[in-house]
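Enquirer: One structure, pasted below without further comment.
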Amino acid sequence: MSEAKRLAAEKAIDYVEDGMIVGVGTGSTVAYFIDALGRIGHRIKGAVSSSEQSTARLRQHGIEVLDLNHTGNLSLYVDGADECDPNRCLIKGGGAALTREKIIAEASERFICIVDPSKQVPVLGKFPLPVEVIPMARSLVARQILALTGGQPVWRDGVVTDNGNVVLDVHHLQVTDPVGLERSLNQIPGVVCVGLFARRPADVVIVGGEPPQVI
């Protein structure tokens, strides 16, 4: 699937315009996008990064990494996904960067999601849904998620987010109402962010292939 990821990432470069500040996500597909962005780095003003991992890769390419507090809203955000449904709703957060990813998506006029074909699903939920949680609330949130959804929350032991929080991965879900589930989980005290991108889905999904498919 690495070639499909690369093809999707290369296609996303078509959306980058001269003078832009580009929002950049996290993950294996985004790594290909950063490499492609490095070839045109002289044409853009810089990037806003969703993770320390992406920040390091951007800087390796000589791309200036900027603070979202100073840039204001962005024209473009490019990121991957763990799952994508036909309505461009996403599950994200396998790399534990979901909160910063959601912040940048919210601040961006256009959100381009780049995936390989294996990430396309008819209904979200086969991939465990990540939920970022304040550490002291981990058990409370897990109990409430179980009661609310019937899904099985599993603590991602040993993982600490860039924000200093922990992640619960909720298994065995069928997300037939992504917007409703995102809203409900966000109401649980201690939840920082839910890895459902439904209220703010992708505007465009690029599926890697020969040629790439644009949805």
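Backbone N, Cα and C define each Cβ position, glycine as well.
Per Swiss-Prot, the features are:
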- THR26, GLY27, SER28, THR29, ASP79, GLY80, ALA81, ASP82, LYS92, GLY93, GLY94, GLY95, LYS119: substrate binding site (BINDING)
- GLU101: active site, proton acceptor (ACT_SITE)
Enquirer: Which whole-number value in Å describes the distance between the Cα atoms of ASP79 (substrate binding site) and GLU101 (active site, proton acceptor)?
Expert: 8
Enquirer: Report the same-chain neighbours of GLY94 (substrate binding site): residues 6+ apart in sequence with Cβ closer than 8 Å to its Cβ, ordered by sequence.
Expert: GLY27, ASP82, PHE127, PRO130
Enquirer: ALA81 (substrate binding site) to GLU101 (active site, proton acceptor): how many Å between their Cα atoms?
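Expert: So the alpha carbons of ALA81 (substrate binding site) and GLU101 (active site, proton acceptor) sit roughly 11 Å from each other.
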Enquirer: Minimum Cβ neighbour count within 10 Å among the binding-site residues THR26, SER28: which residue?
Expert: SER28
Enquirer: Tell me, if you would, which residue among ASP79, ALA81, LYS92, LYS119 (binding-site residues) has the fewest other CB atoms within 10 Å in the structure shown?
Expert: LYS119
Enquirer: Beyond THR26, GLY27, SER28, THR29, ASP79, GLY80, ALA81, ASP82, LYS92, GLY93, GLY94, GLY95, LYS119, what residues of that chain have CB atoms within 8 A of the centre of the substrate site's CB atoms?
Expert: GLY25, VAL30
Enquirer: If H, G and I count as helix, E and B as strand, and all else as coil, what does DSSP give for the residue listed as 'active site, proton acceptor'?
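Expert: The residue in question, the residue listed as 'active site, proton acceptor', is helix (DSSP, three-state).
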Enquirer: With Cβ-Cβ distance below 8 Å and at least 6 positions apart along the chain, what are the contacts of the residue listed as 'active site, proton acceptor'? List them in sequence order.
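Expert: The residue listed as 'active site, proton acceptor' has long-range Cβ partners GLY25, THR26, SER50, ASP79, LYS92, GLY93.
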